[in-house]
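Participant: Below are the structure tokens for one structure; questions will follow.
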């Protein structure tokens, strides 16, 4: 199982690489884009040029000899012809408020008011633009400076941010650390969701079901998956520490802090990976599962942090403590929330210790000895111990639920199907159900088989497969009766064929025999074990080739057969020889070392059949195994199935091809609308339902047309009820009734007519199994078919 996972990662290395790069790249990008403002920043010069072309409104009231000088220096202080001076008559402030263009084009404005005692020079600024207050003040200062010192004088004003030493507020102190936590949470949402892909693919393709049938224990399946995925996760987390170093997040690395960081990541992986396994049961496509789980992981973390922040900063009296605590404890089920809280509190704790060590008076920091010496792993509030414990418990819980889902779900589904849904349905539809499931119109052979099974003790039947009144109802709208009260006993060394068109109930019957579907009523016994009560004992006795190829397409044919040989317990020293024998038997050796996804449809069916036949199963179930095979491949399949039957295994096969069932089936049944219409050996069915002969006549080339017409009249009158099915260049094909027409009688009549009608040759044969099949498949056209 571990080698299977390793091969998946090796053959899909691009997927693993993209998954890892999504984690590392998203974190690095987000961290760099919101980098801390601390550090050396370039100075920004305060001038209007940074805003592009602007309009500078101004107004003048009163007369003074300084007014022209101020206006001349104002044009000089603007420093560019791109800025247009606009004189405003009247109230300048009213103009600025009522003119919509000023919101976009006017950054600063000025007014000069001359009174008897003073000249008032006012600068106004647009608060929609950054740096506009300091810019307005700089222009006023320049005008005054040029007025005093001459037109060549000027002042240059720049904004140079200084690094923060001690933040002014508690929220500012830890804002960067919270952003790091959110960035990690986003990267992990992209990364951790990828672990659902293989589990969804194996379940939907039924490859997991085949592995369980081959002897894999549930615990071994999930633990091997977890072990390999945890190895991939751990390696990616080590690379993430390198990204921390690149982004200068030394807090997570210095003084052996990287061990604490790795512990947080490992426990997060332990919690999140099993959760992905559990949620994968909700999806039927790998790609949609990945996308939806990414959204789930991201949104569950973001909304949880949002709710937590609301509770942290709101008034404590606005919500009862019991409700608040319940909500906060409910958020702990999300691993991404726990991860973000661990990162936030971890950085907060160590930043506090760092700033307290500066021995500066920081009033909002609790720098007493008790707070600076306590362990970060404490279970107290604002520590990470509680979250680590919860993640540890979450991992065990999700693994248990996955195990429970696989093992107990079968019994729950059986209970609801048999007692809840079926009980309610029988209550309201008792008459209709009795009519549908009654055996009043059963064929004699089908009825005798059912009575034999119900009346004789199970021990005396000694059957490899025993089916007692098996019924399957899909409780949908409308209700579908897929299988209706079938009973059959199959002995070891028998090959039982199940014929029927699509929708007849063949695949549903197979799914109930393998434990893939639960029966609504009735019982199935395989090798003496009841599938309802001893499902896992039954599964280890079945070889199964489903209707669709349940193959792991990233492996080669040799690799997958070697894996199943190990699962069946073949000795390691004999595996290579054993696998080669099956590859040669079905002529798969030329393709054995090619990736399965490159196989043709026929090769995949041969490989699926080989997997079903290998090992030590008591019962082999083959659901349309020859689909897509060429004639040569079909002959190889027939030979392999015959060999398995002769070795004492019971084989059940479904097919659309009657020649297959005629070739190697010892008994068969024709299934129509979920019921057995007939039962017996191929020859028995042809004898019982073959009430016609097939007559083929070939006349000589030079036979006149009128003599050919006389021959047709002779056949029609001699064999009443005969039907001419085909005529082509002197070849006539007739169906003639077998009633009152023995083989000797027909041959005698045709031998006497041979010279009279210039017959070159003729042949009489019994009806084929295909014609019997078509008769039952289309009962309304039965006479026409025969």
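The backbone N, Cα and C atoms fix where each Cβ goes, and this holds for glycine too.
TrEMBL entries are annotated by machine, without manual review.
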Participant: Given 128-145, 146-163, 290-307, which one carries TrEMBL's transmembrane segment label?
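Facilitator: So the range that TrEMBL calls transmembrane segment is 290-307.
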Participant: Could you tell me which of the ranges 98-119, 362-383, 384-405, 406-427 is annotated in TrEMBL as transmembrane segment?
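Facilitator: Going through 98-119, 362-383, 384-405, 406-427 one by one, TrEMBL gives transmembrane segment for 384-405.
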Participant: When you check the transmembrane segment (327-349) against the transmembrane segment (212-242), do you get at least 3 Cβ pairs under 8 Å, counting only pairs 6 or more apart in sequence?
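Facilitator: Judged by the Cβ rule, the two regions do not touch, with the required three close pairs absent.
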Participant: For the transmembrane segment (262-283), name the stretch out of 180-200, 212-242, 290-307, 384-405 with the most CB-CB pairs under 8 Å.
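Facilitator: By Cβ pairs under 8 Å, 384-405 leads among 180-200, 212-242, 290-307, 384-405.
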Participant: With pairs 6 or more apart in sequence, are the transmembrane segment (212-242) and the transmembrane segment (180-200) linked by at least 3 Cβ pairs under 8 Å?
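Facilitator: Between the transmembrane segment (180-200) and the transmembrane segment (212-242), which are separate recorded stretches, there is contact, as judged by 3 or more close Cβ pairs.
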Participant: Please work out the mean pLDDT for the residues of the domain 'ABC transporter' (465-698).
Facilitator: 87
